[in-house]
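Read the structure below first, then the notes.
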Amino acid sequence: MVDIVDKALRMGEGHQLKKLENVAKAVNALEDEISALSDEDLKAQTPKFKQEIENGKSLDEIMPEAFATVREVSKRTLGQRHFDVQLMGGAALHWGNIAEMKTGEGKTLVATLPTYLNALEGKGVHVVTVNDYLASYQSELMGRIYRFLGMNVGCIITEQKPPERRKQYNADITYGTNNEFGFDYLRDNMAWEKADLVQRGHHYAIVDEVDSILIDEARTPLIISGPAEGDVTRWYRQFAKLVLKLTRDEDYDVDEKKKVVGILDPGITKVEDFLGIDNLYEPANTALIGYLNNAIKAKELFLRDKDYVVTQGEVLIVDEHTGRILPGRRYNEGLHQAIEAKEGVEVKAENQTFATITLQNYFRMYDKLAGMTGTAETEAAEFMNTYKLGVLPIKTNKPMIRKDQDDLIYRTKKEKLAAIVKDVAKRHAEGQPVLLGTASVESSEVVSALLDVAKIPHQVLNAKQHEKEAAVVAVAGRKGAVTVATNMAGRGTDIMLGGNVEFLADAKLKSEGYSPEDTPEEYEKRWPGTLNEIKAQVKDEHEEVKELGGLYVLGTERHESRRIDNQLRGRSGRQGDPGESRFYLSLEDDLMRLFNTQLVAQVMARGMEEGQPIEAKSVTKGVRTAQKAVESRNYEIRKNVLKYDDVMNKQRTVIYSERQAVLKGEDIHKDILRFISDTVESYIKGANKGSEKPKDWDWEGLFKALNTVIPTKVDEDEVRKIVGGLKGAKAVEAVRDLIVEDARQQYGEMEETIGETGLRDLERRVVLAVLDRKWREHLYEMDYLKDGIGLRGMGQRDPLVEYQREGYQMYNSMIEAIKEETVQLLFHIDIKQVATTDDAVDEVEETAESADTIAVASGPDENGESVVEAAEGEVEEEDEDTDAKQAIAESAAASEAGESTLPVAGPAPVSHAEGKVPVSKRPKSEELKTPWADGRTFPGTGKNAPCPCGSGRKYKMCHGQNEA
């Protein structure tokens, strides 16, 4: 099916390429004219273009002259002239496409063309890279073009504070990583002051390594989280010890392909004995199952130096696609804590989601989106379906002459590694540079150790040595160089035969104390001479390495994705240089073992001798089949993630839009008055019990409940007399009007006390505080709903439709709760005892439980989803030798005493359903922990209805637990 879609997408490709060629011709026709301009005349082009846009000219009309201007400035500042194919790539990006350009074709330089053109509109252009280093490096190097033309260039990096970030976003052009852009969007929608906002819209973005960011990381929601209530870290330590006593295939099952585990009956018995409980599956022990599953996953599915590394007592995730460490990222739902417990490092507290968005929905917010990569064609259908992005392959400037050899397959990893070392030794002796690509940190260290034994000098580049990444890659093409690296996707620095001229020139100038930030004039002055000096040094070695066959890329195993393999291969053969590539495989490699058992069986049937490889087209084809199976599975996961996030995205868009309006000073006084009226009416309907006759209403309950929200001065007996002869809607309306009139009078007195401006500011703060808390609670409830929604399929119901329906109901309940709690807070602040408006605001903000956390997204779990947890503050160390049975006993004793120390699934959601007893005034957080400990039940209450005890929790999450 995907292949058919791919063919359909390619039907108009010839016409598109013709348009791109015409742009290149138009730019070339202007070259002599633009080249004749002085520096001052070139600088004057920018204000001229801006004026033309103001006068009504389109960017398309300006494009040829703007591109010609950028090309000329590039020649004068960088010594680089855009090739025709680069001009074509620039036009493709301007028109909102993905330009597929092979490695070494100068994608970074290509981006300067549409970036400058679109920045002329003054709305900001975002250039998205895969890491902070590339963002800084590209903004420095390419920034020389923009600054020459009078453009401001900004760069967003992790350590920056909000004022600095705002300055960078206000620049004409801003470089940064996908995570930084996404998290700044989320943080802007958590801000309490207009002055705290940093972004200024989403006009145009160019995404470098677009397949890595929009495909590989699309399964990864960006999530900002903060500490949840309660400390359950000891349970992770206990279960880390417990699973060491369990045996795989005897006590539990593991499915490595799907990344899931399952506890078996013998294992259940051992767990119950260890914990001293009768039944693991009793409702009171539900949370223990989660700790057990995570502990088994941490033991069996997440391996040190492959999926993560441990550095300075911290578990750091390794990006499966690039081999880079992902600082700040944490697996979700307790998995990261389970890994920390397994490794014996500090177990950090569990977190609660405050804000979240997928990369897919973040980048779909841009008015115009474009991307660059060397490997997008295999995912063309997904780019079009998800992002409405076409993929346009741009031909290489010079013909590709790299030799891609067929794969060699061995029986065992040991045989494969021996053959690899032998091959590398031969080529190193000849002086040919070699790049060995590995799939994990562990593999790179094994290969490095074998090269050490063989006395082959080499450099290692993996997640543990990422600081020296650019320096290592820049010299990987020199004569005799041997470089061992984890996945090369997105490394960003070209491997040039003889060495990377620009990098070496930049490094030389910086070593002499000159940089584009601190000494821009001296740096620019010395750049041409230094560049020519380095070029002369590199030229002879470049020719020598070409004679030796160019860069030899050796893949030590196939990756799940064909694109990652193609990116590794693409490091060789740039700009018409010679090169060669080959992959070495074994039947023990994960891809072969998990996804192509049929091929493994066929190879084994041949009766291979030890050390004897098979080299055949059928092997390469079989590997490709396995990769397609994995890619298809991952695509389905990404589609599923997007379908569910689209439900949240509609809600998030409305909530964030309303929040921004409040934050930016929109007058919400009329909204507050409406909230008062709606809340009062909701309470009246909840008290009438469906009866049209006021005499049957629960008047005592109505006024008791109402007074927890609005301390009304209306007399109950007087109201009953007035509405005595009315029925139905008229009775409801009459009662509502009486109470609302009284509430408005009280509210007017409040305004007289603190002034109109003071009350408007207070209203804004209260709405922000309540909206933020209710939105967080809603996110938790939606996660809870999604976790179990798949089971609806067993009842012949579409889980997605059910999620949409119930999510809509929960959203409406949240809106009602926001109205009610806003009114409640405003009427319960003692204005007379508040000296200033700021004091009142402080009182409100204390209820907001706001957090200032910076987090980034993590790799996918078995469902293809992941989150980020970034806990704020210190975590107290607990005694790791606490006996589990003692802990269970303590919990039971505490429960009898009216307390609870057993773990719970997470922070309890708070909601309000119309027509039920409304939420009472919110208790302090310590009172919320165990309201059901008194043992009461309320027969007849719906599981999802608010608990009648007034805690604000759903009944099933509160006193409903006592019915079990």
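Just so it is clear, glycine is given a Cβ too, placed from its N, Cα and C backbone atoms.
The following features are taken from Swiss-Prot:
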type: BINDING; residues: Gln86, Gly104, Glu105, Gly106, Lys107, Thr108, Asp494; note: ATP binding site
type: BINDING; residues: Cys947, Cys949, Cys958, His959; note: Zn(2+) binding site
type: COMPBIAS; residues: 871-882; note: compositional bias 'Acidic residues'
type: COMPBIAS; residues: 887-900; note: compositional bias 'Low complexity'
type: REGION; residues: 846-964; note: region 'Disordered'
Please list residues from the chain of Gly106 (ATP binding site) whose Cβ is under 8 angstroms from its Cβ, counting only those at least six apart in sequence.
Gln80, His82, Phe83, Gln86
Around the ATP site (Gln86, Gly104, Glu105, Gly106, Lys107, Thr108, Asp494), what further same-chain residues have their C-beta within 8 angstroms of the site's C-beta centre?
Met101, Thr103, Leu109, Val110
Sequence gap of 6 or more, C-beta under 8 Å: which same-chain residues meet both conditions with respect to Glu105 (ATP binding site)?
Val85, Gln86, Gly89, Gly374, Ile394, Thr396, Asn397, Arg574, Gln575
Find, among the binding-site residues listed as Gln86, Thr108, the one whose Cβ has the highest number of other Cβ atoms within 10 Å in the structure shown.
Gln86
Record lists Gln86, Gly104, Glu105, Gly106, Lys107, Thr108, Asp494 as binding ATP; longest Cα-Cα distance in Å?
16
Local Cβ density at Lys107 (ATP binding site) - other Cβ atoms counted within 10 Å:
25
Counting only residues 6+ away in sequence within the same chain, which have a CB under 8 Å from the CB of Asp494 (ATP binding site)?
Thr103, Gly104, Val473, Asn500, Arg574
Helix, strand or coil at Asp494 (ATP binding site), per DSSP?
coil
